[in-house]
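TrEMBL annotations:
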REGION    1-27  region 'Disordered'
TRANSMEM  73-95  transmembrane segment
DOMAIN    111-583  domain 'Glycoside hydrolase family 9'
ACT_SITE  His513  active site
ACT_SITE  Asp561  active site
ACT_SITE  Glu570  active site
Amino acid sequence: MYGRDPWGGPLEINAPDSSAATDDDRSRNLHDFDRAALSRPLDETQQSWLLGPMEQKKKKYVDLGCIIVSRKIFVWTVGTLLAAAFLVGFIVLLIKTVPRHHRPHPPPDNYTLALNKALMFFNAQRSGPLPKHNNVSWRGNSGMKDGLSDTSVRKNLVGGFYDAGDAIKFNFPSSFAMTMLSWSVIEYSAKYEAAGELTHIKDTIKWGTDYLLKTFNSSADTIDRIQAQVGAGDTSGGATTPNDHYCWVRPEDIDYPRPVYECHSCSDLAAEMAAALAAASIVFKDSKTYSQKLVHGAKTLFKFSRDQRGRYSSGGSDPSRFYNSTGYWDEFLWGGTWLYYATGNNTYLQLATTRGLAKHAGAFWGGPDYGVLSWDNKLAGAQVLLSRMRLFLSPGYPYEDMLSTFHNQTSIIMCSYLPFFPSFNRTKGGLIQLNHGRPQPLQYVVNAAFLATLYSDYLEAADTPGWYCGPNFYSTAVLREFAKTQIDYILGKNPRKMSYVVGFGKNYPKHVHHRGASIPKNRVKYNCKGGWKWRDSKNPNPNTIVGAMVAGPDSRDGFRDVRSNYNYTEPTLAGNAGLVAALVALSGDRSGIDKNTMFSAVPPMFPTPPPPPAPWKP
């Protein structure tokens, strides 16, 4: 009988003799079978049956499922990866823990440095209870009874800004100053933020607009008067009545009467105030309640300006001696444009693009002062603003005709600023004479520098490389170069090597025509005439009015640093506002405006098709 050998060979069993075999024989036979089996080689599976798991030989290969690799290679690979991971982690830890030396930011350019200082002038001009962060150590609370002490008014007119080196609060130039500051923020808020001044400039604007809202019934829809001025300065005819020009005292020590001047037909003033509030409403558009309050006040003022026609400075009034307005048509154009941008109401745009209004404002006749933006004449500024609309919105009919006219006039103004054209003379040092050699030139120069830089940025944003002056084409770089040369002159690049911005550079005016800066804060209260000794002192001012741009040099680049000569050494709100606007426009390492914020309230514009032609008649 044959059976199956579990090791693969035949197994012979003698069945007949199996019963007779003894146990010893069977045991001996089994040992023989074991030796026979073990003498043959076994495969791995068979060895595992006999030896068990602990006695298996080490495998030389590793089965990874998809591939089989050598165990040695596998171990080396895993080890290398772990070592690399450890090394990378160590390097990362080292980088994060070892102190790093950051590459320093490039130093601010001169325009940014001057901007930081120029804004400080407005802190020095504040009236009323000063905030803790005012940062002008020699100033304190002042004018705390303004308006209330005038029995004919009895109104709280505390706050606002003093105009110049005196303590008079003129609404006309201060409104223009706030409009210019707001315009610069709308266009260049990113640059203000980069300079660390965005909060500062917005605080400055709000200080001014809060006061303007006090000077009329801002909650009403219709008004019949504006408190146009606080304080008086007329000393004509040898008058010796104590007032803000006859006396020389610190604003904090004023004890003489401060009358309030009201106007009942003052189109120029009301429209300029409307422009200031409308422009500021765009600056504060994220503060919805305050912005709406400003818009409502602007609408009320503009309505008053249109209903009650007249100049605020007519009739030989006190304002006429210092800020005499030559007309109100330019303010209609200026205020209407700003109200359109603030509200999106087409009624204002229709007014601003009325040919008759533009003609009255002098848009077509030119003249020696054509293109000169100032506290008195806003035509050039309005034309640039309306050119902005044509460049970026292209509203088409029925506005295109007048908008293209304003755009062409703006191009002519920009041509007049260039040295290739004889519109304005220049000093030997290169300062453009926009006021034709008359005193206090710098306030006009900074406004022109702002308009030139801004218009250059408009063209670049509209992908337009330049503009034509007659047959000649000029690039936008020419406009920026004009602005830079003028501002560089003011900052010290002039024949006298004099910086006309106090505190900027090493050589600047030390005898600024300014009462607060010229009288020491020494707890001594000087009376009206007692302060004259400080006015007439030849010593430098004990207090530095940082950032004040003085009136400027004469037509021969000459300058007299004399406190009593205000035509050289007196700073003003309107002048410094233009300076701030020009400086922020030129600051930083690149040009660029915010195209959209100005139009935030303007609805989408779809050009109206022109009317059909008249029917043909044979």
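Using N, Cα and C of the backbone, Cβ positions are placed for all residues, glycine too.
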If you count Cβ atoms within 10 Å of the Cβ of His513 (active site), leaving out that atom itself, what do you get? 25
Quiz question: given the active-site residues Asp561, Glu570, which has the greatest number of C-beta atoms lying within 10 angstroms of its own C-beta? Glu570
Round to the nearest Å and give the CA-to-CA distance linking His513 (active site) with Glu570 (active site). 5
To what whole number does the mean pLDDT across the domain 'Glycoside hydrolase family 9' (111-583) round? 96
Pop the Cα-Cα gap between Asp561 (active site) and Glu570 (active site) into the table, whole Å please. 10
